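> Following this message is one structure expressed as structure tokens.
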Amino acid sequence: MNNKEYNALNDFRKYLNSKKRIVLKIGTQVLLGDKDKLSLSAFKRICSFSHSLIRQQKEVILVSSGAIAAGKDVLNTPSPSNNFSNNFSMPEKQAFAACGQAILMKNYGSCFKQYGIKTAQILLTKDDISSRKRFVNARNTIYELLKNKVVPIINENDTISYEEIKFSDNDHLSALVSNLVCADLLIILSNVHGVYDKNPVLHKDAKLIKTIDNIKDFMKDFKETSKSLQGTGGMKSKLYASFIAAGAGTDTIIISGKDGKSLDSFAGGILTGTFIPSLKNNINKKKHWLLFGMEKKGQIVIDKGAVDAIINKNKSLLASGILAVNGEFKKGEGVYIVNEEGKIFSIGISNFDSKDIKRIKGLKSHEIKTKFGEGILSALVVHKDKLAVTA
């Protein structure tokens, strides 16, 4: 157990005091009451908890699900008896989101107003994260809101999103937002008290896991038997979100958002739920974005010497080490970099489009100059500052 885990578990009040910027993710199930309808008391509970954190001089950013479930009620659509996502078409779910997002913001706005707290709505698509320019612009907007003591409430823009540009779920989005805003802590509110050693619904002897030492290793053995009907994510997606956050240096705590007493205890300095510390060797924010935020368009296959140079010597990728190019991409777009066995080991931003790389692959700098003259000025295909190793 590292020092961070020890401090969090044994002096949680001190640990919590050290965390200044918190992303709070609220799942759909947390907001639902009887008959799978939005519960105003749930919103009051979330806003009270957020207010408790804000009173401790913390900045709070919400990532909230629930728009589609809320919109379904507005349009008087009955709930399906099985998987929610598979029972409605994309246009139907987009219509639900359009109606439901207004309900979400109305409820959050009225509940936060009781504490004199202003709110702002931010709707994101995957394109807003994968484009570095839009990523930075979103960050600047959120920072300005925080500076003015406004609570940003973020959701995926389901009304205009389609499958190719959707986040897998809002757990995933909350982890990317944590990197976006350089959060100290990600709190994921669930309908259970944290991560258990077995399914607590099926096994009464299931035990809560207080801390997960190595999230990457833990995920390899984790098995999930159920997801919520209304939401898109289960516990596995929450663990993956914590893994993404951990890579950027952000701790995660998964706790129950249905239990007001647990939330009060948490805000009062008593650890409830499951604590997942950040990785010891976390990567810088820019390279984290390369790995998890940027869209990747194709593959560059490289030889063993180039693999060694990138992994062990922190070198850039040169044309001489390239064996093949798969797919089409433009200069400045993201690519997977794979070894001769086809395993992805790195991600980067290409200095060339795929057609030009095919022309210069395997060539050294002087050979490129001899063959192409001044047409291609460099053999540097991906600069080391725009490379991120996955393993």
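Just so it is clear, glycine is given a Cβ too, placed from its N, Cα and C backbone atoms.
Nobody curates TrEMBL annotations by hand; they come from automatic prediction.
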> Considering the substrate binding residues SER65, ASN170 given in TrEMBL, which of ASP158, ASP184 is annotated for that site as well?
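Candidate listed by TrEMBL for the same site: ASP158.
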> Measuring Cα to Cα, how far is ASN170 (substrate binding site) from GLY234 (ATP binding site) in Å?
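Computed Cα spacing between ASN170 (substrate binding site) and GLY234 (ATP binding site) is 11 Å.
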> Could you round the CA separation between ASP158 (substrate binding site) and LYS236 (ATP binding site) to a whole angstrom and send it over?
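That comes out at 22 Å between the alpha carbons.
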> Are there residues of the same chain, six or more positions away from LYS25 (ATP binding site), whose CB falls under 8 angstroms from its CB, and which are they?
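Sequence-distant Cβ neighbours: LEU62, VAL63, SER64, ASN170, ASP171, SER174, LEU186, ILE187, ILE188, LEU189, ALA241.
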> C-alpha of LYS236 (ATP binding site) to C-alpha of SER65 (substrate binding site): distance in Å?
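With the alpha carbons as reference points, the distance is 17 Å.
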> Check the binding-site residues LYS236, LYS238 for other C-beta atoms within 10 angstroms of each C-beta and report the one with the most.
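For the binding-site residues LYS236, LYS238, the Cβ with the most other Cβ atoms within 10 Å is LYS238.
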> Output the one of ASN170, SER237 that, of all these binding-site residues, has the highest number of other Cβ atoms within 10 Å of its Cβ.
ASN170
